[in-house]
Amino acid sequence: MNTHNQSSNQNGGGSGGGGGGGGSSTFSPIVLTSTYRLDVQEKYTFSYEIGSGTYGMVYKADDKKRPNNKVAVKKFRSTKEGEGLSLTAYREIGLLKELSNENIVKLLDVCLNPKDKLLYLIFDYAEFDLFGIIKYHRENGSHFSDATIKSLIWQVLNGIHYLHSNWVIHRDLKPSNILVMGEGKECGTVKIGDFGLARIFQSPLKPLNENGVVVTIWYRSPELLLGSKHYTRAVDIWAIGCIFAELITTKPLFPGKEKDPKIPSLFQDDQVEKIIRVLGKPTLDMWPDIKHLPEWKRLSSMEAFPNSLAKCVGIDENSQAYDLLSKMILYDPSKRITASEALDHPYFKELPLPLPNAFSKPIPYPPRLPINKKKREFDD
């Protein structure tokens, strides 16, 4: 695919991010010098809140030095007295300051505000995310064009290939973390965001489960659900496969009901059942290493179902789209397709070809609204 070969080729080299090809697990130290310790409101004019999470809030704002240039400002909640910079914020800054790819969100600025002692990260503003775009189609009873689906998924894979080539696992891929740029020179360009759960991995791999449960449950891979202690880049590929299917149908592929998320040790039986109802029950022939997972014996009490993926997604089993999707959501993570292999899949070589601008003209989607459709001022 001619429009993207250059970016795909550069991803294997590791231009700075993620510790490089040697598998190092550290970044250069983060030093918040006096240049960062400026009143954030002196540099940016805040409009309204556009998102929130356990980390804090995200605001739409204008850069005072660059008129009409929109930015997104991520405001971290205060930590307990004396704790200083949160570990989540530290990790996100450490990763993003060294990663550079057209499909990864760009960190523009860091401010440690002297007034409220809070940390602010400033990014390029993305008008859309896949959560909102999918919701628009679902509520309107419409579907994405084949070209848009292919362009979006290619760009997500391109960004993840870059991360994986630089020893980074995102660990929280879901539609709301896949941003898409609006009008401008990068219109229709995917930007993978929210690196609060991203981690460096090493080769040979070390256990990563000590960081707790990751990945929103609908996009959580079976090895995580069954208690794997040594998960890999394949968890990101599973999540992308779930997003791929959701773009095709505008509905989540595995919408399980989560038990108390505050108790990470809970076995999420409803989520596992949702997967089994679509892919069938995994067997030892299908996934030999499943017998080593802490929760695998729980599967014996679950009902068996035939594989109904093609029917659930509504695509031909003989199509290249189905072939790619089925390889992204294989039970066995060691057999799951890699990001590099996926980018080279025949699906992306048949018409329509993926494009840098995933949107048709004019863009049909409404602009991002304030939370609760009410203006949320910065000082609220």
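Here the Cβ of each residue, glycine as well, is placed from N, Cα and C on the backbone.
The model shown is predicted, which means the values in this text are computed figures rather than measured ones.
Annotated in Swiss-Prot:
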type	residues	note
ACT_SITE	Asp172	active site, proton acceptor
BINDING	Ile50, Gly51, Ser52, Gly53, Thr54, Tyr55, Gly56, Met57, Val58, Lys74	ATP binding site
COMPBIAS	1-10	compositional bias 'Low complexity'
COMPBIAS	11-22	compositional bias 'Gly residues'
DOMAIN	44-348	domain 'Protein kinase'
REGION	1-22	region 'Disordered'
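Features per Swiss-Prot, on structure.
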{"residue": "Ile50", "record": "ATP binding site", "contacts (Cβ under 8 Å, 6+ apart)": "Val58, Tyr59, Lys60, Ala72, Arg368, Leu369, Pro370, Ile371"}
{"residue": "Ser52", "record": "ATP binding site", "contacts (Cβ under 8 Å, 6+ apart)": "Val58, Ile371"}
{"residue": "Thr54", "record": "ATP binding site", "contacts (Cβ under 8 Å, 6+ apart)": "Arg77"}
{"residue": "Gly56", "record": "ATP binding site", "contacts (Cβ under 8 Å, 6+ apart)": "Lys74, Lys75, Phe76, Arg77, Leu118"}
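Packing around Val58 (ATP binding site) is summarised by its Cβ count: 21 other Cβ atoms lie within 10 angstroms of its Cβ, all protein chains included. Here the domain 'Protein kinase' (44-348) has a mean pLDDT of 91 out of 100.
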